[in-house]
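Pulled from TrEMBL:
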BINDING   PHE138, ASP223, GLU224, VAL225, GLN226, THR281  pyridoxal 5'-phosphate binding site
BINDING   ARG141, SER280  N(2)-acetyl-L-ornithine binding site
MOD_RES   LYS252  N6-(pyridoxal phosphate)lysine
Amino acid sequence: MTEQVTRATFDEVMFPNYAPSAIIPVRGEGSRVWDQEGKEYIDFAGGIAVTALGHSHPTLVNVMREQAGQLWHLANIMTNEPALRLAKKLTEKTFADRVFFCNSGGEANEAAFKLARRYAFDHFGPEKNEIISFYQSFHGRTLFTVSVGGQPKYKEGFEPTPKGITHCHFNDIEELKSLISDKTCAVVMEPIQGEGGIIPADKTFAKQVRELCDQHNALLVYDEVQSGVGRSGTFFAYEQLGVTPDILTSAKALGNGFPVAAMIAKDNVAQSFVFGTHGSTYGGNPMACAIAEAVIDIITTPEVLDGVNKRHDLFVEGLNAINEKYHVFKDIRGMGLLMGAEVVEQFAGNAKAFLTAAAEEGLFVLVAGPNVIRFAPSLIIPEEDIKEGLARLDRAIAKVLAN
Ligand SMILES: *Cc1c(COP(=O)(O)O)cnc(C)c1O
């Protein structure tokens, strides 16, 4: 028998680490979602940049059904065909030669930071262990990743945290010059900071970071968990920065909602994860890899990637038109379909008010920090859904202003 559950059930039986909205979605199709009451929403959130091909994409549903009838899991004492095919595709379409699979962005970053230290240990000795990352960055919720992440609130009360980590202001090359040394084993960055407020790296900054890493034999780690898999308008955002990292992490959109993540690297770096150094029970399981393979096949087509840039323009146009009416945004920025609208002083600290009002109007949006409304819709969201969603956003903003 299926038990009746409501939002109130959450407060009874779930850990209080989340504060979910009152809406409980039960079904999704493309960029539309329906809740328990049958109310319809347009999805500009994509489950935080995850459902890059929308909900219930027919190809993905078929691939999943087929794989489910064949083979779910083996553990890494054996390899499997979907994992090998997916790894081949990832290496063919990127700078990387080798792939390590895991299940979430945090795990991929955990692996990347461990690999950076191990590589430095192997080639330069144990003294070279320092990691530099950036304020406001987000890399996951494991103890190592909250320590490398640049938001102190995520590690408060969980100390002692791993040592040898320093933070630098994003896009400030002079500060990075003063922090980096021959003890630095890695510099870690998001090509566009997601949780930190949709802040793209300057191209010149990105190039200079690469040069500094080379001068000090430090590895450059790109966290593309949010920016990757087509979201930026290219397969990965590094392609547009004209910089090649040494290690890159991918998750979120990689499985379109099925948990799967990857760390990819050049062969010489990957060699430091010799047999027995790292692992994961579920990492590289055939279900996840079959789905991710299909995701990549669809997303790396020119139609989808070019479509991202077309849709970006539609969003920017629409957001500018809304802003001409209401003057609520002081900046509209982002890459591809990872966009942010920073609210004016009057609403500083309260971007969430727009999210709440949007949901009432039948629209999912996100925030990125206290001041930015974030949009991360499906990369193939139909034009009419963009138009309708923006109309709902317009009404939501009018409501917030009327209060
Ligand atoms: C979401 C995110 C993570 C964490 O991914 P999980 O799958 O939640 O562990 C790490 N880095 C970035 C840039 C992210 O956006």
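Every residue number used here counts from 1 along the chain in the order it is shown.
Backbone N, Cα and C atoms are what each Cβ position is placed from, and that goes for glycine too.
Just so you know, TrEMBL annotations never went through curation; they're auto-generated.
Known features from TrEMBL, placed on the structure.
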| residue | record | Cβ contacts under 8 Å, 6 or more apart |
| --- | --- | --- |
| PHE138 | pyridoxal 5'-phosphate binding site | GLY149, GLY150, GLN151, TYR154, GLU190, GLN193, GLY194, GLU195, GLY196 |
| ARG141 | N(2)-acetyl-L-ornithine binding site | GLY106, TYR154 |
| ASP223 | pyridoxal 5'-phosphate binding site | GLY105, ASN109, ALA112, SER137, HIS139, VAL188, MET189, GLU190, THR249 |
| GLU224 | pyridoxal 5'-phosphate binding site | GLU190, PRO191, PHE236, ALA237, TYR238, LEU248, THR249, SER250 |
| VAL225 | pyridoxal 5'-phosphate binding site | GLY105, ALA108, ASN109, HIS139, GLY140, GLU190, THR249, SER250, ALA251, LYS252, ALA261 |
| GLN226 | pyridoxal 5'-phosphate binding site | ILE48, ALA49, GLY105, GLU190, ILE192, GLY194, GLU195, LYS252, LEU338, ALA376 |
| SER280 | N(2)-acetyl-L-ornithine binding site | ASN76, PHE101, CYS102, ASN103, GLU107 |
| THR281 | pyridoxal 5'-phosphate binding site | ALA75, ASN76 |
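Checking the binding-site residues GLU224, SER280, THR281 against ligand 1, none has a C-beta less than 6 Å from an atom of that molecule. The DSSP secondary structure for PHE138 (pyridoxal 5'-phosphate binding site) is coil. Secondary structure at LYS252 (N6-(pyridoxal phosphate)lysine), as computed by DSSP, is helix. The residue listed as 'N6-(pyridoxal phosphate)lysine' counts 27 other C-beta atoms within 10 Å of its own C-beta, drawing on all protein chains shown.
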